[in-house]
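**Q** Could you have a look at this structure, given as structure tokens, before my questions?
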Amino acid sequence: QICNQHNAEALNLEQAFHRMAQTEPNLDHDISWFLLPSYWAKMVVALISFLCFANSYDGDFVFDDSEAIINNKDLRAETPLGDLWHHDFWGSKLSSNTSHKSYRPLTVLTFRINYLFAGGFYPIGFHVINIILHCTISVLMVDVFSILLGGLQFSNKGRRLNLAPKTSLLAALLFAVHPVHTECVAGIVGRADLLCALFFLLSFLGYCKAFRENKEGHNFSVFWVLMSVILGAIAMLCKEQGITVLGLNAVFDALVINKLNVLELIQKLLHKDKSLENAGLLRKGLLFRITLLMSGGASILYIRWRIMGTGPPAFTEVDNPASFADGLLVRAINYNYYYSLNAWLLLCPWWLCFDWSMGCIPLIKSVSDWRIIALAALWFCLIGLICQALCSEDSHKRRILTLGLGFLIIPFLPASNLFFRVGFVIAERVIYLPSIGYCILFTYGFSLLSKQAKKKKILAVAVLGILMINVMRCALRSSQWRSEEELFRSALSVCPLNAKVHYNVGKNLADKGNQSAAIKYYREAVRLNPKYVHAMNNLGNILKERNELQEAEELLSLAVQIQPDFAAAWMNLGIVQNSLRRFEEAEQSYWTAIKHRKKYPDCYYNLGRLYADLNRHIDALNAWRNATVLKPEHSLAWNNMIILLDNTGNLAQAEAVGREALELIPNDHSLMFSLANVLGKSQKYKESEALFLKAIKANPNAASYHGNLAVLYHRWGNLDLAKKHYEVSLKLDPMAPGTKENYNLLRRKLEQLQKKGG
């Protein structure tokens, strides 16, 4: 019975082809490819798209995931949901001058749901959702490509007909397995692009549904036109590119529903022809629908602008060097070169990189630069395609080429630098949607070659080979996105001149404790970009820890000279100056850091340490108190307050601070240890013992914990227990200061007691 249903569906498709052949050419007639019923075609696309990226499911949080997810307070339950509508993608207030203005509250909401269901930052759930989204989008592409390549026709029962099942399947497979999509799928932050694409496609399909009941376009559903505007708005709330679907809906309406001949229309406008109505401009409600789309889009953009609150984000030269280049011509040449590189990534997605900034692509500063050839090639191809799209006598060809170019160019416009400066050179994620246009043009080109080729099967095998290569490339690239180490190292061969790549490799090595190797990469990052203050700061930190204080100070001083508001570098400079015993300069550096970052608990902590070294105890306590006010879980600041009060004989105040700290951080064993010492000195032996034992349970290998508990028992008169913990302490650390002397005193006392007892 199932087989009969499939055969019947295939028969209906064949009958539809014959009907279509009588009206206009059909791409499926010319290609040798698989003909599958719609259900099976979608199953195949879903399965293959899943296989491409399945190995990324258990990857880590990498690159931008740290800022957008782990460090984003908007994901946590204690942050009110309403804050999502006033914050950017990274959790900063949109009104802040430092905000990137990337307004994607619905994407952040999905991250928050992931976090709540997982009960914490467990990346598997985040990755699985991304894979499911890409599979869903790839399945929807079968329907989208069937409309774009085969036209929009409905049966008498209002069911949409797929008049190009072969080519729509091929185009959907090309989209599903394109390696340039790896960043969106394997990188969790890429969910913004995936959600945007999902609602983008739903908006387009919804717009197509507006014509389900009409035969010639005269009747349409206003509801579905408005629904497509709403879905476009939702797409934009996932990522800014989503708004471009309204422009594409208008282009589709003009070309497919109204069968508008753009060249003919332009000619009539130029000649002021009175027969414009016959040209299709006023027929079938086109103007009314475009008015709805434009007014909806304008309203969405106005609301978006009001929410943004201030002007566009401020990017630096290293983010997008071409936009800071001197001269309009130089900027234009480099922008066009970037476009050609994006086009090349679609054609040959072999060299992929997580970041293309910071010298990865040197600026073209002269027309003698051989890279000008890439611009010429790009515009030669684009002009050729545009001429064919406008001037061809074949209406079918005009429609497909124009739609292909529309889907290639229009979604890319927000990333083109034409309307505003963007914060990147090339970003593989932004060509997720434009790749739809590439797949249309590739499939159409394949059909034209098949029409001319005598051995169509050889051509089909070649395309199948491309698909298989892309599947393998996706799997390889997905594996590189599973960890930061693999991701960063994979970029070294693609962008060896990119200072940020070397910086990230160095940072990853430093986090793993390999400081010697990290220094090498940090030095290379600074060499490639002598103004790279973050690399200087991190390199200075490592040198400080290795006691190479002179070079550390030089690097950090240069960093704050280049970027005077770099608070972290000021703080680290203060730490180095403190180590060099230049206390006044250190204090000044700390206060400069706090001036540029008022809520800086770590800087207050280090300032407190400086004051403690100078015996300015009140100032030290005030600085540490400020640190704990700004960051209540700042364990080191609490601990230092307890120890300082203990050492200065303020036991009652030390006890009060210790109890306050443990209420806020109840599982911190170092705080338990410090408070236990205070309680022991106050002769509150029972409570002190309980805290020591709790601290030892949390950290059983701390020799000082056992040693101080032994001292407590020694004072308390529990000599056997004292002996036991002295021995454990000495076993863990034979050189523990004071422990051996105390143990020897205890042994002599025990020997004396034994003699008396004897």
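Every residue gets a Cβ built from N, Cα and C, even glycine.
Those TrEMBL annotations? Automatic predictions, nothing curated.
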**Q** Quick one: which of 167-187, 188-208 does TrEMBL have down as transmembrane segment?
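**A** Per TrEMBL, the stretch marked transmembrane segment is 188-208.
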**Q** Taking DSSP states H, G and I as helix and E and B as strand, how many residues of the repeat 'TPR' (533-566) are helix, strand and coil?
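**A** Once the DSSP states are binned, the repeat 'TPR' (533-566) shows 27 helix, 0 strand, 7 coil.
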**Q** Other than its close neighbours in sequence, what residues sit by the transmembrane segment (286-305), given a CB gap under 8 Å and a spacing of at least six beyond its ends?
**A** 103, 210, 220, 222, 225-226, 228-229, 232-233, 236, 243, 246-247, 249-250, 253-254, 257-258, 260, 280
**Q** Going along the chain, which residues at least six beyond the ends of the transmembrane segment (458-476) come within the CB cut-off of under 8 Å?
**A** 31-33, 48, 51-53, 55, 170, 173-174, 177-179, 181-182, 349-350, 446, 449-450
**Q** As a test of reading the model: what is the averaged pLDDT for the repeat 'TPR' (703-736)?
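**A** Taking every residue in the repeat 'TPR' (703-736) and averaging pLDDT yields 88.
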